[in-house]
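Q: Okay, these came from TrEMBL:
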- 41-65: transmembrane segment (TRANSMEM)
- 85-113: transmembrane segment (TRANSMEM)
- 125-143: transmembrane segment (TRANSMEM)
- 163-183: transmembrane segment (TRANSMEM)
- 190-212: transmembrane segment (TRANSMEM)
- 227-481: domain 'GP-PDE' (DOMAIN)
- 493-513: transmembrane segment (TRANSMEM)
Amino acid sequence: MADTPGCYSTCATCLLCPYSCQWITAKKEKRKDLRTTKYDCSWFLFLFCVFLFTLVWLYFTIVILNDFHNFNEFIFRQRKLWLDWSVVLLIVTAVLISYSSVLLVLALCLQICGQPLKLHWVHKILLILTAIVVVAAFTGLGIKWAEEWKSARISLQATGPFLHIGAVGGMTLLAWPLVSFIYRTHNTGLRVILLLVYCAAMIALYLAPLGITSPCIMEENQLPPKPALVGHRGAPMLAPENTLMSLHKAVDCDVQVFETDVMVSADGVPFLMHDEELTRTTNVHAVFPERAALNSTAFNWTDLQQLDAGSWFLERRPFPTVQSLSPGDRKEAAKQRIPSLEQALEAAKQSNISIMFDLRPENHSDYQNFVNVTLGVILQSGIPLQQVLWLPDGFREDVKQQAPGVQHVYGRKRLENEKEPVLHVNLPYQDMSSEEIKQYHQDNISVNLYVVNQPWLFSVLWCSGVSSVTTNACQVLKEMKHPIWLLPSSTYFMIWIVVDCVSFLIVIWAFILMKKCSYRRRPTESETDVLLTKINSLIQE
């Protein structure tokens, strides 16, 4: 293994102490038997793997923030506890990645300084716990939220070129401690293995752009039009969801479609509500405590009008944007009530926007009556039927007969043998590839993908040519005049070549420089050993 040189600076001592947690090892009389053993090297390898593993989890954390509001709603339905769990996730992830990063930097600096890598047992336990936490997080993600793996794959289209540059930079910096170790160790077999592994990793990274694809690698004149915005339950970051205030805020964000959810009360009045229970978005516990757990359709319209549908928004703060609301908006939000479909249609007609909705619950025994009642309200409202986008699949043929002007949106991909042409589809953004989006666009099929909140995701879908996106963050996406990045293929090719060439030169420089340093050190160390031997002999005599 690597020899420990005789020269210890104050800086090296400061690095050794937090890594080994033994301040006494900085004293000269305690260093004599300190050497980096195979056991120590195995722990360093484990530390490096934990760091990489945690770094990957950090990337996943950033990706899933786009969909984390769905997770918050899921936890509330299960536990009746509202909390922005994304904050908890970010804090825990930041602590884990910071801890493993600091330890790894300490280890690499110690290696360059020639210090022993004696990892303290406390760090070993904490590293094992870190690995367990990250493994548990990935396992839970795979079991309960498997679609996020597709989200990660899509994210690589937005981050692939930059991840390549970062990975090349990181591996280039790693060359310095690696070369330092190679020149210090006397194990030829270990030298060869490390060199082969490092060279293979660098070659793979240098050629990685051959496998990187992104719809945003295109010429400026090839960029498709900006996707239209569909307000998911209105503008839920600026107002209580599925309320008239939310609809008006969405209009201010230039959305073209107000997406909502419709239920029918016990006395036959269609109203806007997403959840089957009223507990999350109203004060039903305070007004009707004994009936709070009932389905929303079990309440009549008179009862529903007594509920406060806005105060929860100010109290629970489902999005960080609630804190920045003006006093006037806060006052208006607190006054919100559950709107009827008739009120929503009238507001949409006056604002000249379309309305798209699901009719819930689909498994209700009286669902056909729900469809008929809802259609009746639409036809009586006077809204142009082309502004109504019908999502429910149940009894769709009856809807086509009773209201032939309504636009039908399908929550599935087109089939090979469609009886009637599919003109509009509404799908999760994970379910369509860039190639499929482009093909649908060529076939004049409008594609709406949901729910898109992050600018990086909106940029990828914009470059892919999607027609519209459903979003919670209409106020953010409205301000985007251009995708986050757009690179012509020739420019990307040039960046790739320059990054690889600079990295290669730095790695070669590291090998040459560290070789010269090792040659200068050996005679000095040899003369010092001889002098110490003579002094020891004189003392013994």
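Backbone N, Cα and C define each Cβ position, glycine as well.
Are these features on the surface or tucked inside, and what are their neighbours?
A: With a cut-off of 8 Å between Cβ atoms, the residues of this chain six or more beyond the transmembrane segment (41-65) that come close are 1, 71, 86, 89-90, 93, 96-97, 100-101, 103-104, 107, 117, 119, 124, 127, 130-131, 134-135, 137-138, 141, 145, 148, 151-152, 155, 159, 454.
Same-chain neighbours of the transmembrane segment (85-113): 2, 9, 11-12, 15-16, 18-19, 44, 47-48, 50-51, 54-55, 57-58, 61, 65, 68, 71-72, 75, 119, 123, 126-127, 130, 133-134, 174, 176-177, 180-181, counting only residues six or more beyond its ends whose CB sits under 8 Å from a CB of the stretch.
Beyond the ends of the transmembrane segment (125-143), by six or more residues, the same chain brings 46-47, 50, 53-54, 57, 60, 64, 92, 96, 99-100, 103, 149 to within a C-beta distance below 8 angstroms of the stretch.
Taking Cβ pairs closer than 8 Å, the transmembrane segment (163-183) reaches residues 2, 108-109, 111-112, 114, 156, 191, 194-195, 198, 201-202, 205-206, 208-209, 212, 495-496, 499-500, 503, 506-507, 510-511, 514-515, 517-518 in its own chain, all 6 or more past its ends.
Proximity of distant same-chain residues to the transmembrane segment (190-212), defined by a Cβ-Cβ separation under 8 Å and at least 6 residues beyond the stretch ends, is recorded for 156, 160-161, 164, 167-168, 171, 174-175, 178, 181-182, 492, 496, 500, 503-504, 507.
For the domain 'GP-PDE' (227-481), the model's average pLDDT works out to 96.
Same-chain neighbours of the transmembrane segment (493-513): 161, 164-165, 168-169, 171-172, 175-176, 179, 202, 206, 209, 487, counting only residues six or more beyond its ends whose CB sits under 8 Å from a CB of the stretch.
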